[in-house]
């Protein structure tokens, strides 16, 4: 088996296997339900009402129920974090599947929209129902507000419309309570096509009986009682009640955890290029390197929570870029506020992320774009504290920035880790490459204490293919974990190289930082 095929199987194999199982389950449910309603015992009456339309509608409802039972599970962050850290999930491939939870959530959501639209576009034409129309309307709002352009331009619209899922599930569980769809309860005593022996029934079924007799060539059957119909027992709650209860319990647990323990803001520091560093303390809060939290500030919004990766775990530190701050002078890092009176904040988490897997490879490549360096800063800090406790034997760190001053965010940390590794006689442990993509004039890191970074600074964009070849030659027959947090262009290029990789005997496994 070629190295390229092995790399593809490592990166895409588990994901495609789960995708195929999920698709097969949807197809099986659709076909089985369709055939049940299309069966000879019931098709006569269905044909008289809606024909194949109702069969398709009921089959779509089965797929809708199935995906509605799955769509909430990938959003149970605490459950996924527990599974990631549990000894039961020891396989790296299984843990990496958890990184695709957001993708699976989106896939289930799109399927719900498609089959809900198909179901109600067919069924509600004949049986217009308020609940069916409301379901389609709520889904339309949630789906359109989830588009990338709306999430980027107005996150609040996405957030508040997405919380309409509560309304959606309530309507979904009472949708068929009206009994518009019925089944025949006395098929044995009144087979489809038979005629009741009283005059009124004969009159009502005469045309149907003659047509059935002509098509089958069989004599007409006379039955002793009229057909009786009963509404279908609602089955949606059987599908969604358990996942919905699990999700609600998980959200309630997170609410209690985030609101009960107070958060102390130690300091807020301004860094170059409009970047803030927030240092906080919280009792009982024990994050691991590579994890992230959800931050809520009630004075800004009581309902919105925004994800932030941790750059240090004790005290836990957040670093983020603010577009409204003026550019700061790098020689004068000012403490914005040592709060005597600070805004109240809630911290939900910590939650697992792909960056936790950096330590589970012998060789890892971490690629950061701009402020995307934050999850890897926590990794570097953990190595600075005690690099010997991890499986990791070599770390390649590539950081691409548009502004030279951005490299000063973690310049002290990088230089400090480099000096420590030299003292511990492991200078080959850390390989740092800094790329300044927007070079205007001659720029360099001139400070003497940052000489190490100055020697690693390169002007222009990284040549990823050459970097992979260099890493491959130095790490023959090994698996290299590739981790990325940055723009889509960089992520796509790395993903493609990890899957193809025809040049070396080294397998590259791709991991992309994402917030579920």
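Any Cβ shown, glycine's included, is placed from N, Cα and C.
Since we're looking at a predicted model, the values are computed, not measured.
In TrEMBL, the feature transmembrane segment is placed on 157-181, out of the ranges 82-106, 157-181, 182-206. As annotated in TrEMBL, transmembrane segment covers the listed stretch 21-39 rather than the other ranges in 21-39, 40-58. Within the chain carrying the transmembrane segment (21-39), a Cβ under 8 angstroms from the stretch's Cβ atoms is held by residues 46, 52, 54-56, 58-63, 66-67, 104, 107, 111, all 6 or more beyond its ends. Within the model, the domain 'Ferric reductase NAD binding' (361-499) shows a mean pLDDT value of 89, rounded to a whole number.
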